Amino acid sequence: MLSPHGGILQDLVARDAEKKDRLLHEAQGLPQWNLTARQLCDIELILNGGFSPLTGFLGKEDYESVVQNSRLTSGLLWTIPITLDVDEEFAKSVNLGERIALLQDDDIFVAIITVSDIYTPDKKVEADKVFRGDEEHPAIQYLNETAGDIYLGGELEAIQLPAHYDYLNLRKSPAALRADFATQQWDRVVAFQTRNPMHRAHRELTIRAAKEHNAKVLLHPVVGLTKPGDIDYHTRIKVYKEIVKRYPEGIAQLALLPLAMRMAGDREAVWHAIIRKNYGATHFIVGRDHAGPGTNSKGDDFYGPYDAQVLVESYKNELGIEVVPFKLITYLPDKDIYLPVDEIDGSVKTLTISGTELRKRLREGTDIPDWFTYPEIVEILRQYNPPRYRQGFVIVVNHENPKRIANALLSTFLQVGGGRQYKIFDHQGQPQLLELIPDFVKSGTGLIVTSPLPSSVDAHNIYELNTYPSAHIKVSATEPVTEIVQKTVFFLEDNKFFQF
């Protein structure tokens, strides 16, 4: 088994266990900072050793060195800045050398930081160097719109890991996972990173990698923060628990990684390799466009398809962990097998289903073949992404007579049925109600909204009924209500929400 990055597994929870009670007592009398969702992920991996050699949030010199050179000031390879960002108001209350209690949910004391640095980062430089500067990159948007403008650096002392209430048997620390590998005598382990559901091709890929390197398989999906719009981790874990059953006995283990991804492409791939090395893996599969967020609004890729593989390979001697390049696997129907594309003659018939096509089939309720994935996984994904006729929707009535039209639509929808609930939703003067709209849609409810919605409402299947040419359901101001209702029903039928 490989040594952790930097030579020592920095398990701060174990290190500080004897003084936990004293730290907890002290923390109750200290200034407090409530950790953000990203900071909770970061601090968990600092405290449990996943981010070894880090033992705290980066000070200014280490931060600038990582941003500019992908190295700590010690010279050790580290590609992603791990920082404690705070707002200016809080920063003004902090002094160098001060100790601050770090909390989860304003309630659970996680750690104490001794502040060694208070600094204002050059976010433009961070965006350019770490994420390549495209302002549409989700990490740059987070940096500019969400992250605090002041960073605090300092060493941490552990009180406890952030609290979790789900999948506790799968939340293995680096020390625990290394102990598992030692008990099972797994001295060669191929780690597989994913933030998506897994299908037959992924199983084939990982088994091939294991055979090729005489190793076992660690399925190590990310369950912290991933790309906006990704499938929720509860759905994905159901998929992972199902697919791990499909591996030969004793070859694969599933464990969860509480990582806040930055979607930083090649730099992130190096970071992922370091983390998996700390967790005890000896090999790491680096995928095509690994940790990339896809394309921007112009259709341009944020990263090249093989940038990650090239960068990780360039550091292979320092990393120690062996890189296993992801091979594109495809299905041969005539032989009922999966093979790497580079092993197939061009005349051989192959089949594949893209992510876009899979989402389309889920949305429309059409067949997803067994050669692509397992029926049990299809069922899990259909629960998350039901076909249109089971999905909720929102009709925004922007008209002179919104209540009359809304009542007519409600009566008609109730008559049609369709297996969903319907509701007239009036948020006028009650903006707090807007937060409920995404939940109604997710639950399959058909909402009829009688006031315009702000663009900040983040929900799928929102359609406007209006006199404007750009409206989804275009009507005229003088059109009879019965015709407006008919147009709306036809629109919903055309878009598969109703089946007659």
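The backbone N, Cα and C atoms fix where each Cβ goes, glycine too.
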Among ALA91, ALA101, ALA111, ALA291, which residue shares the sulfate site with GLN193, ARG195 according to Swiss-Prot?
ALA291
Cβ within 8 Å of the sulfate site's Cβ centroid: which residues qualify beyond GLN193, ARG195, ALA291?
THR194, VAL222, THR226, MET261, GLU268, HIS272, GLY287, HIS290
Please report the Cα separation of GLN193 (sulfate binding site) and HIS202 (site 'Transition state stabilizer') in Å, rounded to an integer.
11
I'd like to know which of these recorded positions, GLN193, THR194, ASN196, is least surrounded, judged by other CB atoms within 10 A.
ASN196
Measure between the Cα atoms of every pair in GLN193, ARG195, ALA291, the residues the record assigns to sulfate, and report the largest value in Å, rounded to a whole number.
9
Between ALA291 (sulfate binding site) and ASN196 (active site), how many Å separate their Cα atoms?
11
As a test of reading the model: what is the averaged pLDDT for the region 'N-terminal' (1-165)?
97
